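Encoded as structure tokens, the structure appears first; notes follow it.
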Amino acid sequence: MSAKKRTIDAFFGVPKAKSNVDEIVKKARTSTTDAIVGGEANEDKVFGSFDIIQYSQHPNYPFPIAHLPDPLSNELPSLPSSIGRSMTDQPDLDLLYFEPYFPRSSAKQLFEFLRSSLPFYRVEYDINRGGISTHIRTPRWTTVFGLDETSRFASSNDSNDIATNDIVDVKTGRKVVGDRFYDKYPPRPIPQCLDALRQSCEAATGCKFNFCLVNYYAGGADSISYHSDDERFLGPLPAIASFSLGARRDFYMKHKPPPKANQTPSSAVAAEQGDAKPLKLPLGSGDMILMRGTTQANWLHSIPKRSGKNAEDGGRINITFRRAMVKAGTENYYNYNVGTGPVYRWDTVNREMRKWDKPLP
Ligand SMILES: O=C(O)CCC(=O)C(=O)O
Ligand SMILES: [Fe+2]
């Protein structure tokens, strides 16, 4: 096993200690990834030297989340590894396609690292349409981190009456208390491993992001149906950066039925006449697609299910960075991507998501 591989393997676990944010934890270097069972280092397999691993910690995380392994962090300054290709050849479409953003080998490592380091959820909820209630089971694993533009997580620079984990109003600098939008789903800061990627993405696109949504498609049966990310809380003309890691999956896009607000009269006519052709982008590991401008207002996108020989693909992670402008956005994202059900964590031995039971104090 190469030194580089061993360093990444050493991240497949969590520390037993749980206290301050970004606590430095000494973790035994183990001989193989499998030596770490269910997130606990198996200390029987220690053979000597120690890696210093840092973790992002927060009371609203179900467990500490490892920082990005050094070999991946060291690559960030050289990203994106290709120039973004602009795709604006269809009515209302404005895409910037990095093919890839991450070199394929590091994309695979990032996929493995994130799958085993992040908490995931299988969210269920009810929708009510026309008086009929339907129970929805989200057909993929999800998780989310971030806080809308009106607030921020406290820092050590804040005044003494503000605790490290409080949420602070951006305008007044005062602690946000008893806000109905934050009470049901306590927001979580973007952990270092995803925040490093956010920063790279902001530098590459010139956009600002405060939310990170993660989807894990375990196989072909997992999917996302046609939708657009055009919620009002994202403001007009939202930019959404979308990373693909792991298995290749088709990303379908089609123009919304005309006419709609934000369409120019000529583009509405063009769409009606069938000038806007559906797109199929076979997103590969490491690719990033930025959807911006009038795209969300006018186009729908989806990842359809795959069956037959394409169903077992080893899994795919999608990361989107977005910018929510108001508190309602925060509540919406936690409601649909974390919810109130159990938390799951990837089991590196059994190679499946397992319910995560909070260790006893
Ligand atoms: O997995 C993908 O590429 C798309 C995900 C997506 O559209 C979303 O989370 O809104
Ligand atoms: Fe989307």
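Just so you know, the numbers here start at 1 and follow the chain as drawn.
Heads up, the Cβ atoms here are built off N, Cα and C, so glycines get one too.
Feature annotation from TrEMBL assigns domain 'Fe2OG dioxygenase' to 208-325.
A C-beta separation below 8 Å, combined with a sequence spacing of at least six in one chain, links Asn215 (2-oxoglutarate binding site) to Arg140, Trp141, Thr142, Ile224, Ile317, Asn318, Thr320. When secondary structure is read from DSSP and collapsed to three states, Asn215 (2-oxoglutarate binding site) falls in the strand class. Positions annotated as 2-oxoglutarate binding site by TrEMBL: Asn215, Tyr217, His227, His301, Arg316, Thr320, Arg322.
In the structure as shown, the Cβ atom of Asp230 (substrate binding site) sits within 10 Å of 19 other Cβ atoms. Taken from TrEMBL, the feature substrate binding site applies to Asp230.
Feature annotation from TrEMBL assigns region 'Disordered' to 254-274.
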Cβ proximity for Arg322 (2-oxoglutarate binding site), under 8 A, sequence spacing 6+, ordered by residue number, returns Phe209, Asn210, Phe211, Cys212, Leu213, Asp229, Leu234, Pro238, Ile240
Minimal Cβ count within 10 Å, across the binding-site residues His227, His301, Arg316, points to His227
Per DSSP (three-state), Asp230 (substrate binding site) is coil
Argmin Cα dist to Asp230 (substrate binding site) over the binding-site residues Tyr217, His301, Arg316 returns His301
Filtered by Cβ under 8 Å and at least 6 apart in sequence, the residues in the chain of Tyr217 (2-oxoglutarate binding site) near it are Arg140, Trp141, Ser223, Ala247, Arg249, Ile303, Gly315, Arg316, Ile317, Asn318
